[in-house]
């Protein structure tokens, strides 16, 4: 018997504000594709402006998945993302379409593409109970700070009030000596799909200017009112509110910052995040990069995907 043919998947990654959304829709039109969001925050309903969620108009009739699937108060894990996205890949492929994953949440995308197993073994019960006791006696912030010291990446992703996940991350570090956020690295990294992995990049100053402009546009579009709606619903200590664009404006509503300072902090955090995204992708994944400083490279990228995945675009028929 011959080798089982792997499903073909195109993946578009890159920092925030680099132009992934438009490119993905152009590619989906040309390649008979459907889009899966690889963004850990666009899953939340009513959080549209701050997550730069693709609009119905931008979708232009192209089906999108993993958008608006959770309420802001719901928690969401990498394991659930992996399971859902792999199901979408199967279903899109069965319909004779090309799955296109687009987003900037590297760990989530990597968990889908590679043979990454999520373990939830018994761990160290005594240590876990010690941490639970500490959380009760000294507060959740104290335990979260301990996580920040050993695994800042996980601490950034997990809200202090999500005590179970904070302690789980601490427990993994305690028992293995490795960060939960680095677990992927010690597993066999075998690609499960026939993947074309495209990265968009541009001149740093230009990217930072685009990020600053995007934040200004978000404020014009009603980001303040969007966050106020969440705040008035009593949504406080949730995973979703840890997102850049929300935690900064929450500081304004909690009287911890002026609106001007909150917006300034949002710009700073967005620029830092873009820098971290680029570093992560360059260190962790084998990406073919396209520099879009001087404009779109849609035709060039389309030709590359056609060659890599042996698929034909509408343009080449």
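Keep in mind that glycine also has a Cβ here, set from the backbone N, Cα and C atoms.
Features of the protein shown, as given by Swiss-Prot:
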type	residues	note
BINDING	14, 15, 16, 17, 18, 19, 20, 21	ATP binding site
BINDING	16, 17, 18, 19, 20, 21	substrate binding site
REGION	39-42	region 'Interaction with substrate tRNA'
SITE	105	site 'Interaction with substrate tRNA'
SITE	128	site 'Interaction with substrate tRNA'
**Asked** 14, 15, 19: which of these binding-site residues has the sparsest Cβ neighbourhood within 10 Å?
**Response** 19
**Message:** Suppose you look only at the region 'Interaction with substrate tRNA' (39-42); what would the mean pLDDT be?
**Reply:** 93
**Prompt:** For the region 'Interaction with substrate tRNA' (39-42), what does DSSP give as the number of helix, strand and coil residues?
**Reply:** 0 helix, 0 strand, 4 coil
**Item:** Environment of 16, 17, 18, 19, 20, 21, the listed substrate site - residues of the same chain whose CB lies within 8 A of the CB centroid
**Value:** 14, 15, 52, 104, 200
**Request:** Enumerate same-chain residues with a sequence separation of six or more from residue 21 (ATP binding site) and a Cβ-Cβ distance below 8 A; give 'none' if the list is empty.
**Result:** 52, 54, 58, 102
**Item:** Separation of alpha carbons, residue 128 (site 'Interaction with substrate tRNA') and residue 20 (ATP binding site) (Å)
**Value:** 41
**Request:** Give me the Cα-Cα distance between residue 19 (ATP binding site) and residue 105 (site 'Interaction with substrate tRNA'), rounded to a whole Å.
**Result:** 15
